[in-house]
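Colleague: Straight from TrEMBL, here's the annotation block:
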ACT_SITE  H42  active site, proton donor
ACT_SITE  H128  active site, proton acceptor
DOMAIN    24-92  domain 'Phosphoesterase HXTX'
DOMAIN    102-162  domain 'Phosphoesterase HXTX'
MOTIF     42-45  motif 'HXTX 1'
MOTIF     128-131  motif 'HXTX 2'
Amino acid sequence: MEKRVFVGSFVDWKKLKKSYTDIKKDLSGVVSGSWVKPENFHITYKFLGNTKVEKINDILHILNKDFNKELEVNITLKGLGVFPNLDDPKVLFFKVLENEILKEIFLNLEEKLYSIGYKKEIKPFIPHITILRIKEVKQAQFVEKLKKYEEKLFLKQETITVNLIESILNPTGAVYKKLN
C-alpha cells in the first residue's frame, strides 16, 4: 500500500484567514483557479509522492529522531509572489522572508532523506505558502493588483513543527493529514 506524502510545516492559518479572504475578493475577476483551503496552508520541504508504507516508517523514524519538537524559526510572511514568473503565473503564494533556520531544516532533511534513497532537490529551496493554483489571468490587471501587497505583512510565527503529511486528493480539493 502507498500514500501520497510530503514533509512540511503548517502555519497558523487562522491568523491568515482574513488576509486570504480579502485577497480572494480583491483578485476576483482578475484571476481564477483553485484556491487552497486556509487550513491547508503549509511550507513544503520535500514532496515525496506515492510512498510505500515501509518507506513511510523510515521517514517517520527520521522525523521522530531529528525533528520531534517545536522548532523556533521566527518566520515572517510578507508580500505575495508567483511561480514561475509574472509573465506566466501558475501559482500565487504568500512570500516567506529569508530564513536561515528554514534553510537548515531543508538541508538537514535532504541529507537524512538521501540516506534512505531519496534524490536531492535540483531546484533551490524557496519557502512559500501556496494560496492559488492559477488557471486564467488578466495579466496587466493582475500584476497591478499584486503591487499593493509588496510590503504587506501577513504573519509572524515563532515556532513550527516538521511533519510527514499525507495528501488525500478529492474532487473538492486536497485533504492533509499529519502522520507524526
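Cβ coordinates come from backbone N, Cα and C, glycine included.
Predicted, not measured: the structure shown is a model, and the values here were computed from it.
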Colleague: How do the residues of the domain 'Phosphoesterase HXTX' (102-162) split into helix, strand and coil according to DSSP?
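Modeller: Here the numbers are 22 helix, 18 strand, 21 coil.
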Colleague: Compute the average pLDDT of the predicted model within the motif 'HXTX 2' (128-131).
Modeller: 98
Colleague: Within its own chain, what residues at least 6 apart in sequence put their Cβ under 8 Å from the Cβ of the residue listed as 'active site, proton acceptor', listed in sequence order?
Modeller: I43, G81, F83, F93, F94, K95, V96
Colleague: In sequence order, which residues at least six apart in the same chain have a CB under 8 Å from the CB of the residue listed as 'active site, proton donor'?
Modeller: G8, S9, F10, V11, I129, I165, Y176
Colleague: Residue list, the motif 'HXTX 1' (42-45) vs rest of chain: Cβ under 8 Å, 6 or more residues beyond ends.
Modeller: 6-11, 75, 96, 102, 105-106, 109, 125, 127-129, 160, 162, 165, 176
Colleague: How do the residues of the motif 'HXTX 1' (42-45) split into helix, strand and coil according to DSSP?
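Modeller: Grouping H, G, I as helix and E, B as strand yields 0 helix, 4 strand, 0 coil.
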Colleague: Looking only at the domain 'Phosphoesterase HXTX' (24-92), what are its DSSP counts of helix, strand and coil residues?
Modeller: 21 helix, 31 strand, 17 coil
